[in-house]
Amino acid sequence: MFPSFSLRPHRSLLAGTAALLLAPLGCATSTQARDEAALRTDAPPKVKPKWGLVIHGGAGVISRENLSPEREAAMRAVLTQALQAGHAVLAKGGRSLDAVTAAIRVLEDSPYFNAGKGAVFNHDGVNELDAALMDGKTRAAGAVAGVRHIQNPIDLARLVMEKSPHVMMVGDGAEAFAQSQGMPLVDAKYFYTEDRWQGLQRALEQEKAKAAPPVTPGTPPATQPPPVTPGAAPVSPVQPPATPGKSPASSLEPGVDPVTGDHKFGTVGAVALDQEGNLAAGTSTGGMTNKRFGRVGDSPIIGAGTYADERCAVSATGHGEFFIRYTVARDICARVEYQDLPLPEAANVVILDVLVKAGGEGGVIAMDREGNVAMPFNSSGMYRGSIGEDGTPSVAIFQGP
Ligand code: ASP
């Protein structure tokens, strides 16, 4: 059902670009008329849609040299387990929304992916989690940002969607809402993993090295900042005034951890099409290592990192600031809706052309209501996988299988 993982981005990009160029305004009339008819009737596709699920576990600089065989095998096993959890829901005739949450919960519970248990640490040594969920059939959506005590943020996003009149809740308020719905808070220590803690220490050292003035002989050494204890109350170091024209959050420039080879970012997500032909999308993340000032990325922002409607569902991963400014998830679905582009071409144009030109790194997983799948990424790797009706999971990490 799904296209091969060896989809060559550049060839696809050419195809996508060509399709865009071949859609002159004069040809838009029939497309427009068709779309308007579809909007009026929400006409279901003629062929019964195939169903399935696609997941990602983050995109970035992922190289074979930096990923030990043991870690790779463990990550592939978790991705497979997530696919099977979602498939079990869909095979029973369950909703795409349930399949997406089931798959994401598995990834959140794994220490290998930057979400839930494996979340990265922010600048103050705290894990702050973001998540969003969207139902393509109804366009109901729920999102949470900056939560610190929620074991499975995707479940809280769902509660926001189903048990509140709102779309997005943040921080303490979101956690108070969780409690009001009977969801327990977990100790912040639950999110501690040694790998992520060491990742923060290296990011802090890199940041300090970059900021340090060149050493002049005879200059006394700079004062060391106090060590931060994991799970401790956040310490807010006094920040120097921002230099005009330079982002004060410049510590969020993409970088690679020299030990794990991981990017400073990562995320998990899922999109699914159920037997009824309904799509859903969800995304969950710890954001970017060393983030500060309450930074929130694209993952919980509907239309940026997460989006689903009746035609198209997208979950993104990458440098969130770009995905927000280019409303990546909605842009892909808008191209499907307004330009009548096949989903893979729409996704390729946005990820491999628009974002590349902008300097935004990352990728998406996407599905349309006919079961077509796209998984383009403009980084060296993206943890990803898909499963269709036959229940055979397929997992990939690098540019090849
Ligand atoms: N997009 C996420 C963020 O910016 C991180 C990621 O997907 O890697 O928070």
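Cβ coordinates come from backbone N, Cα and C, glycine included.
The shown structure was predicted, so the numbers you read here are calculated from the model rather than taken from an experiment.
T267 (active site, nucleophile) falls within neither a helix nor a strand when secondary structure is assigned with DSSP, and so counts as coil. The feature active site, nucleophile is assigned by TrEMBL to T267.
The feature substrate binding site is assigned by TrEMBL to R295, V296, G297, D298, T317, G318, H319, G320. Around V296 (substrate binding site), the C-beta neighbours below 8 angstroms that are at least 6 residues distant in the chain are D130, A145, G146, V170, G287, G320. DSSP assigns V296 (substrate binding site) to coil in the three-state reduction, placing it in neither a helix nor a strand.
According to TrEMBL, the feature compositional bias 'Pro residues' maps to 214-229.
The annotation region 'Disordered' is assigned in TrEMBL to 204-263.
The signal peptide annotation in TrEMBL covers 1-33.
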Packing count at R295 (substrate binding site) (other Cβ atoms within 10 Å of its Cβ): 20
Give me the Cα-Cα distance between R295 (substrate binding site) and T267 (active site, nucleophile), rounded to a whole Å. 15
Could you measure the widest C-alpha to C-alpha distance across R295, V296, G297, D298, T317, G318, H319, G320, the residues recorded as binding substrate, and give it to a whole number of angstrom? 16
So for G297 (substrate binding site), how many other CB atoms are inside 10 Å of its CB? 28
